[in-house]
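Undergrad: The structure that follows is given in the form of structure tokens.
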Amino acid sequence: AVPSWVGIARLFAVLLACISFSLVASTGDFSGPYGTWCMFSWGFCFAVTLLVVLLELLELHTKLPFSWDDFTSAFSMLAALMVFTTSVVFPSTFISSPCSGGKCARQAAATAMSCLCFLAYAVEVGLTRARPGDISSFLSTVPGLLKVFEAYVACLIFSLLDSFSSAAGLQWCVAVYSLCFIVTLLIIIFTIGRCLSYVPCPLEKVLVAYNAVAMLMYLTAVVVWPLYSFKGLSRPNPCGRDCWWNKKLGVTFLTIFNFLAYLVDLVYSTKMVFI
């Protein structure tokens, strides 16, 4: 796959992630949790993508005891989401206005390279996505890619849950995020490890049922979380980067995104199984 379009997209992703990492490292301004996350995202995606390219170049991936197609599909989706998040977080956090000087130019160039890196991973996801009728690897299908998206969004939700009250409604929402994340992550891991074939039940129908339950649980969280989080409270002024209001508002939108993801997942899964 190295000289194919997929391989070319991976090589571009490796190069662009390395450039983004290097430009930000040269500025020396990446302190704090947001800077650490951005540097980790570029470094992690660079290292794993380079490893994928080397394993395919040396034809060693066929000797690995897991589904290579599922692994590469899941990772390309995860990398696209991580780099996209970084491309939004880094400029909004570290590039100030007005912006001038060599440091600002390097930060802007790193942001541009990060956006191009996201496009490279998005192209890879599009090239490796299973076509209608092709079910050779589950994680390359739309429901499989949505599983990666759902798990990633849940991780973003957890990163914003630094504090919440002991209200029963908020505890229920945290339970929803945790249970759905654990089950979705297990589905991804078992798929990559080729363990789902050992499940003694009609797996496709079980996944449809799980998607329906997860969608209903997230539907309750869509209503309950903002109701209990903002009831009787107003936005503080000023409200800085670490303001609790912004974090709870972010959790609200991410909850809606995951609800929509599980809804689309349910529709596609039902279509694949019953139609």
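Cβ coordinates come from backbone N, Cα and C, glycine included.
Found this in TrEMBL, in case it helps:
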DOMAIN    1-133  domain 'MARVEL'
DOMAIN    138-274  domain 'MARVEL'
TRANSMEM  6-25  transmembrane segment
TRANSMEM  37-55  transmembrane segment
TRANSMEM  75-95  transmembrane segment
TRANSMEM  107-123  transmembrane segment
TRANSMEM  135-160  transmembrane segment
TRANSMEM  172-192  transmembrane segment
TRANSMEM  207-228  transmembrane segment
TRANSMEM  249-268  transmembrane segment
Undergrad: Could you check whether the transmembrane segment (107-123) and the transmembrane segment (6-25) come into contact, where contact means at least 3 Cβ pairs under 8 Å with the two residues of each pair 6 or more apart in sequence?
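TA: As far as Cβ distances go (cut-off 8 Å, pairs 6 or more apart), the transmembrane segment (107-123) and the transmembrane segment (6-25) touch.
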Undergrad: Which range wins on Cβ pairs under 8 Å with the transmembrane segment (207-228): 6-25, 37-55, 75-95, 172-192, 249-268?
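TA: The stretch I would name here is 249-268.
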Undergrad: Please list, for the domain 'MARVEL' (138-274), how many residues fall into helix, strand and coil according to DSSP.
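TA: The breakdown for the domain 'MARVEL' (138-274) reads 108 helix, 0 strand, 29 coil.
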Undergrad: Run through the domain 'MARVEL' (1-133) and tell me, per DSSP, how many residues are helix, strand and coil.
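TA: Tallied per class, the domain 'MARVEL' (1-133) gives 106 helix, 0 strand, 27 coil.
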Undergrad: Please give the sequence-distant neighbours of the transmembrane segment (135-160): residues at least 6 beyond its ends with Cβ less than 8 Å from one of its Cβ atoms.
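TA: Counting only partners 6 or more residues beyond its ends, the transmembrane segment (135-160) has Cβ contacts under 8 Å with 67, 69-71, 73-74, 77-78, 81-82, 85, 125, 128-129, 177, 180-181, 184-185, 187-188, 191-192, 196, 207, 211, 214, 247-248, 250-251, 254-255, 257-258, 261-262, 264-265, 268-269, 272.
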Undergrad: Could you tell me what the rest of the chain brings near the transmembrane segment (37-55), counting residues at least six beyond its ends with Cβ under 8 Å?
TA: 2, 7, 10-11, 13-14, 17-18, 20-21, 24-25, 30, 61, 64, 72, 75, 79, 82-83, 85-86, 89-90, 114, 117, 121
